[in-house]
Amino acid sequence: MGEKKYRGKQIFEWVNKGAKRWEDMTNIGKVLKEKLQKNTFITHVKIEKKMVSKIDGTTKYLFLLEDKNIIEGVVMKYKHGFTACISSQVGCVMGCSFCASTIGGLIRDLRAGEMIDQILQMQQDLGERISNIVLMGSGEPLHNYREVMKFLEIVNSESGLNIGNRHITLSTCGLVPEIKKLADLQIPINLAVSLHAPNDETRQIMMPIAKKYSIKALMEACEYYLQKNNRRITFEYALVKEVNDEEVHAKQLGQLLKGMLCYVNLIPVNTVAEARYEKSREEQVKRFQKVLKSQGVEATIRREMGADIDAACGQLRNNYINKKIKEKQ
Ligand code: SF4
């Protein structure tokens with residue numbers, strides 16, 4: 001538009017503060033405001049529905065996008081501050097069999113701005129600063145690589161949300177080439193890998209991506225990531241009754257991860273109406289953790305947050321879509 005460079009910085013800062021209209025940008029002159037009004041627009045994700053857990057204050061949001069698609073996000077309150085779990089795509093193509101986000105397939109990628117805006121809307125609504133981000137909502141972040149990288153840059157920028165890379169976690173179902181690509185960038189974010197099984201056979205039952213990339217290839221990519229970043233990797237392991245939660249699985253997992261700079265996050269799988277799986281019993285989860293520890297692999301059991309508000313991945317969005325379909329019929 002032929003404007004001075006610092007104008008871009010001013011606008012960037014306003015948008016990151018959540019400004020919704022050009023008129024609100026007090027340090028931008030009238031002529032430029034009119035030019036911007038004519039040639040550009042500011043979009044926002046809108047809070048369509050909000051649910052607050054009575055148990056632990058976890059807040060779940062359904063956001064309405066400009067094209068009427070729906071995504072979801074969650075804010076969890078911890079001792080160290082507020083953590084936002086956001087979506088990176090509308091739906092997901094990866095087909096993990098325990099996940100409600102993938103039931104309707106992938107609709108589209110989210111733009112970096114739509115990811116940032118989920119955080120801005122949460123902050124504005126709660127009147128609190130979000131200090132940690134997890135890319136663990138619907139979508140596979142590395143399948144929307146370009147926009148997610150742009151998002152990471154903005155979120156970390158001092159004039160953006162100014163959230164340190166060490167407070168950001170990217171969770172992937174294991175896209176091997178993209179993990180290597182991300183490793184090469186050497187951004188000190190936390191990497192979480194959804195492993196969910198210690199061998200290819202079981203993993204292929206749970207996650208179609210395992211047919212494309214073997215555990216061996218995935219582990220090589222993780223080693224490469226560690227070489228480049230030297231940051232501990234988290235392996236997510238959703239425990240499903242009689243599928244991947246037996247002692248033999250724990251032993252195999254221990255063997256696989258022994259000596260690696262990592263820890264395992266054990267997740268008693270969320271109950272989703274459409275899913276075919278049952279949650280592992282509590283004793284079984286504890287036993288699994290004990291076997292891993294006895295092999296020198298650190299493992300924690302994830303605390304269930306917002307159990308009373310459909311906080312499981314994709315569950316709220318899915319229930320909302322089903323309700324809308326029924327209303328139309
Ligand atoms: S777990 Fe993640 S990658 Fe797998 S289907 Fe769900 S959103 Fe997609």
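The backbone N, Cα and C atoms fix where each Cβ goes, and this holds for glycine too.
Taken from TrEMBL, the feature active site, proton acceptor covers Glu72.
The feature active site, S-methylcysteine intermediate is assigned by TrEMBL to Cys313.
Feature annotation from TrEMBL assigns [4Fe-4S] cluster binding site to Cys92, Cys96, Cys99. Mapped onto three states, the DSSP output places Cys99 ([4Fe-4S] cluster binding site) in coil. If you draw a 10 Å sphere around the CB of Cys99 ([4Fe-4S] cluster binding site), it holds 26 other CB atoms from the protein chains shown.
Around the Cβ of Glu140 (S-adenosyl-L-methionine binding site), a 10 Å sphere holds 26 further Cβ atoms from the protein chains shown. What TrEMBL records for Gly139, Glu140, Ser171, Ser194, Leu195, His196, Asn270 is S-adenosyl-L-methionine binding site.
Per TrEMBL, domain 'Radical SAM core' is recorded for 78-308.
Checking the recorded positions Glu72, Glu140, Ser171, Leu195, His196 against ligand 1, the ones whose Cβ sits under 6 Å from it are Glu140. Each residue contributes its Cα atom, and for Cys99 ([4Fe-4S] cluster binding site) and Gly139 (S-adenosyl-L-methionine binding site) those atoms are 10 Å apart. Using a 10 Å radius centred on the Cβ of Gly139 (S-adenosyl-L-methionine binding site) and all shown protein chains, the other Cβ atoms total 29. Between the binding-site residues Ser171, Ser194, Ser194 has the most other Cβ atoms inside 10 Å of its own Cβ, all protein chains included. Considering only the recorded positions Glu72, Cys92, Cys96, Glu140 (S-adenosyl-L-methionine binding site) has Cys92 as its nearest partner by CA-CA distance.
Across the structure, His196 (S-adenosyl-L-methionine binding site) and Cys96 ([4Fe-4S] cluster binding site) are spaced 10 Å apart at their Cα atoms.
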